[in-house]
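Undergrad: What follows is a single structure, and I will ask about it in a moment.
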């Protein structure tokens, strides 16, 4: 799936126009005619689609040339249009809190640069009030990454620091991020009964005063972009959330989030919470509403998407889903869900993430944290674009869209049509014959039948059959009927448990 900004040659849509666009996509994918009604900014739309069509139909589509889109001006409390979803990455703060996932200052700086290439809207890079080293690291990122402007698009990442509702934390945050072109602070406070009673030991009124006074103090220091985070919002009373959010908005907050801190909510439940707060909080439509979900019950991605469907327009995520306990909503899953299905079942929501940077970013985070993803991890796992079943292999060899809804190239994996095929006991004749051809062997039916029979015997002894095994099977078969057995090297895609060896 082409991950590019597209517009019809000679035609620039204007703000508010509705146009029909088509695009040619790899291996049989094509973007169906789609009426797009969200505003344009003298430019084009970041399009993607997961609906397969025939090759014949695909060739009829207009091949649109990629263009570069200027990013709209960043306004803390307002989005460029109602369907735009900001991506707030917290890999370097919440993600680093994953047990065993601590990063060195140079590693945090490198990941921040990688996140900028990914084009996250906001990166939360640390907790300056927690230690001198953390303060200096956040400051370094603000001075460097926070001032690096993409000349073509005008993109500049927002650099965010987190703080408790304490003046010393807020002062430390300001001193650390004030060097960035777009500094931001996230001030959090607990809002659930259990947290207020046992952790804060404060009444609801005291918590509201603590939050609002902290927002006003942050604004007095120079922060223009101030977000209030409701810790344990998923277990908080709805009416109280409406009240504290409303007061925060009056105090000058430009964004608010309601965090499912302990990962207890179900998608329908969390979506309904967001919907209720959007409908009953004074001033909520004048700021950005954000969602922050943890994965204790395995539904962080689903909850985040439910929040977007309910009206949230900022998602807080981490690369590979790393974070406290079972982790956070994974950036790659949320972004690709929005990219793949946003136009079809979510009223056209979209992000500006450069998804081609996803795999490289995932690998870097894995290597630096030592937290490797499981092979079947969606989007970035080693098995994501690999097939062993004979039926699936046959389909993939005919047209990849038969069993893959995403293009590997779209997330930064470069593959050929025949790669992604793993030979084993479930593999069929088509896959084995095709692999032999890639290795340079042109065999008649009799010879291939003999080799395939011995291939089947070999699969009873080995889980996976390598190219060397196939060559040995041919060589020991006698007359090699090669078109030279030319020793042609293969660029096949063979997965291993650690993703660092995958691409």
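The backbone N, Cα and C atoms fix where each Cβ goes, and this holds for glycine too.
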Undergrad: Besides 292, 294, which of 81, 89, 94 does Swiss-Prot list for that Mn(2+) site?
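TA: Looking at 81, 89, 94, the one Swiss-Prot places in the Mn(2+) site next to 292, 294 is 94.
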Undergrad: So for residue 292 (Mn(2+) binding site), how many other CB atoms are inside 10 Å of its CB?
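TA: For residue 292 (Mn(2+) binding site), the 10 Å Cβ neighbour count is 30.
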Undergrad: Specify the count of other C-beta atoms within 10 Å of the C-beta of residue 94 (Mn(2+) binding site).
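TA: Cβ-Cβ neighbours of residue 94 (Mn(2+) binding site) within 10 Å number 23.
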Undergrad: For residue 294 (Mn(2+) binding site), what is the tally of other C-beta atoms lying within 10 angstroms of its C-beta?
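TA: Result for residue 294 (Mn(2+) binding site): 25 other Cβ atoms within 10 Å.
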Undergrad: According to DSSP, which of helix, strand or coil covers residue 94 (Mn(2+) binding site)?
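TA: The three-state answer is coil.
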Undergrad: Could you tell me which three-state DSSP class residue 292 (Mn(2+) binding site) falls into?
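TA: Assignment for residue 292 (Mn(2+) binding site) reads strand.
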